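Database features, via TrEMBL:
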ACT_SITE  ARG297  active site
BINDING   GLN113, HIS115, GLU140, HIS278  Zn(2+) binding site
DOMAIN    10-154  domain 'Phosphomannose isomerase type I catalytic'
DOMAIN    175-258  domain 'Phosphomannose isomerase type I helical insertion'
Amino acid sequence: KAANVDKVRRLRGWVQNYDWGRCGAEAQVARLLALNSGAEVKPDRPYAEFWMGTHDSGPSFLADGYGEGQNVGLKEWIRKNPNVLGHKVLEKWGPDLPFLFKVLSVAKALSIQAHPDKELAKELLKLKPNLYKDGNHKPEMALAITEFRALCGFITLEELKGVLVDIPEIVELVGNASAKQVLDIDKQDGAEKVKYALRSVFTQLMSASKEMATKSIAKLKSRLHVESQLRCLTEKEQLVLHLEKQYPGDIGVISAFFFNYVKLNPGEALYLGANEPHAYLSGECIECMATSDNVVRAGLTPKHRDIQTLCSMLTYKQGYPDILKGFPLSPSITRYLPPFEEFEVDCCILPKGASTVFPAIPGPSIFLVFLGKGTFGIGSREDIVTEGDVLFAPSNTEITITTSSELQLYRAGVNSRFFHTAL
């Protein structure tokens, strides 16, 4: 076990400058990038995602050289030192990290999207390798740092009926027959019939022509402006007007009525399985997912849309999503455990002068020092760590953290349930 002590490595993260990111220094992503690698932050450039992991679209590099040259990728280093993963992880996923760890700074809505399950991912990779980059599924979890807003999963049947009654512009787009199919369903009709009706009405909506969508959204907008003089608009209506400013004439604007509007407080998390529709709207979060970058998009985006694939792949599960509040592992560490084998996230908040222990576990971890300063004790060695530092810890490494100021850090690792069931 002691062989791993010297293997805790500092990493340089990777930043994605997607256009929905927050600009310049107001983005946590930009702050972390500057601290992590000394890169200059440009005030008018969007900083969307800070990646920590081995995915080819944004790989991390070792920051500490150790005579191995400056530009050794974490992926390549793990391949050469596969024992750092622990044998269970290695057996299940091969010589690579099964999770990808990120920080997101969201200024405007991301596309309405879903991530394919493994079978579909393999098929899409074969059929459209220029669009779908890997054959993996991408379950994910977002843990709010600030208030974080998202659209996620379909509303209930009752709410959907309300939408079809209250929003004539949707009925115009999907046609009376599709709308009637939903309105005529009652609880006795069984889940399959409900799913079929929802799928048909959602597919009609998403497949509307650009001209029809633009016309209906213009109608909706002027109707809501008139009505706002007479009544308070609902939160969803206000959101839809806000989205319309970001993506004028986009079908995604009107489809927001079909999804749950979720607001996370700091410290709450939302997880998403394969084939579940969602769109992040605003705020900063820690995100973790299976190592994949597969996204099927259908609205609120200038990027390629694959509406047919999206509408056919969704589960059409209805109802409000589970919100994880995490559970205490110790007075300073909260764990978020989604129902996916690939990952879990710990949040550690330590007051000045305090210390805590991350016990040795059978899999690898990535630590992100988000705020503050302290020491990382491994065996008899101590290292100063400070905000913006990213560290890779091999399996079976016990780490003691002591603070010199209040410290906030996040750890991503393989889901601990995996080790209990994989015995």
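One is the number of the first residue shown, and numbering goes on along the chain from there.
Placed from the backbone N, Cα and C atoms, the Cβ positions cover glycine too.
Where the annotation comes from TrEMBL, it is an automatic prediction and has not been curated.
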- Message: Quick check: which same-chain residues outside GLN113, HIS115, GLU140, HIS278 lie with their CB within 8 A of the centre of the Zn(2+) site CB atoms?
- Response: ALA114, LYS138, LEU272, GLU276, PRO277, VAL295
- Query: Using Cα coordinates, what distance in whole Å links HIS115 (Zn(2+) binding site) and ARG297 (active site)?
  - Reply: 9
- Query: Near GLN113 (Zn(2+) binding site), which residues of its chain come within a Cβ-Cβ distance under 8 Å, counting only those 6 or more away in sequence?
  - Reply: PRO277, HIS278, ALA279, VAL295, VAL296, ARG297, ALA298, THR301, LEU310
- Taking the recorded positions one at a time (HIS115, HIS278, ARG297), which has its Cβ surrounded by the most other Cβ atoms within 10 Å? HIS115
- Over the domain 'Phosphomannose isomerase type I helical insertion' (175-258), what is the model's mean pLDDT? 95
- Sequence gap of 6 or more, C-beta under 8 Å: which same-chain residues meet both conditions with respect to GLU140 (Zn(2+) binding site)? HIS115, TYR271, LEU272, GLU287, CYS288, MET289, ALA290
- With DSSP as the yardstick, break the domain 'Phosphomannose isomerase type I catalytic' (10-154) down into helix, strand and coil residue counts. 41 helix, 41 strand, 63 coil
- Counts of helix, strand and coil residues, the domain 'Phosphomannose isomerase type I helical insertion' (175-258), according to DSSP: 65 helix, 0 strand, 19 coil
